[in-house]
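Take a look at the structure below.
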Amino acid sequence: MAGDFIRVHCDDCENEQVLFGKAANTVNCAVCGSTLATPTGGEADLHGDVVDVVESR
């Protein structure tokens with residue numbers, strides 16, 4: 001299973017969080033709880049700004 005780990009910036013609280021680019025579950029911000037990623041069956045639909053690719057596989 002190839003995919004990237006991505007650092008995403010939360011638009012609501014300025015938190016940065018690392019998540020898997022092909023997330024199978026909804027990913028919420030650990031600080032404020034807003035949705036950062038929604039699964040789509042492939043690449044996740046990101047709801048924040050991508051800051052960096054932490055690890056590319």
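Each residue, glycine too, has its Cβ placed from N, Cα and C.
Model, not experiment: these values are computed from the prediction.
Per Swiss-Prot, the features are:
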- 10-32: zinc finger (ZN_FING)
- Cys10, Cys13, Cys29, Cys32: Zn(2+) binding site (BINDING)
Spatial neighbours of the zinc finger (10-32) far in sequence, C-beta under 8 Å, 6+ residues away: 1, 3-4, 38-39, 42-44, 47-49, 51, 54
The zinc finger (10-32) [mean pLDDT, rounded to integer]: 95
Beyond the site residues Cys10, Cys13, Cys29, Cys32: chain residues whose C-beta lies within 8 Å of the centroid, for Zn(2+): Asp11, Asp12, Glu14, Asn15, Ala30, Val31, Gly33, Ser34, Leu36
Neighbour count (Cβ, 10 Å) for Cys13 (Zn(2+) binding site): 12
Which same-chain residues, if any, lie at least 6 apart from Cys10 (Zn(2+) binding site) yet have Cβ under 8 Å of it: Glu16, Gln17, Cys29, Val31, Cys32, Ser34, Leu36, Gly48
Tally of DSSP helical, extended and coil residues in the zinc finger (10-32): 0 helix, 7 strand, 16 coil
Candidate with the highest Cβ count within 10 Å, taken from the binding-site residues Cys29, Cys32: Cys29
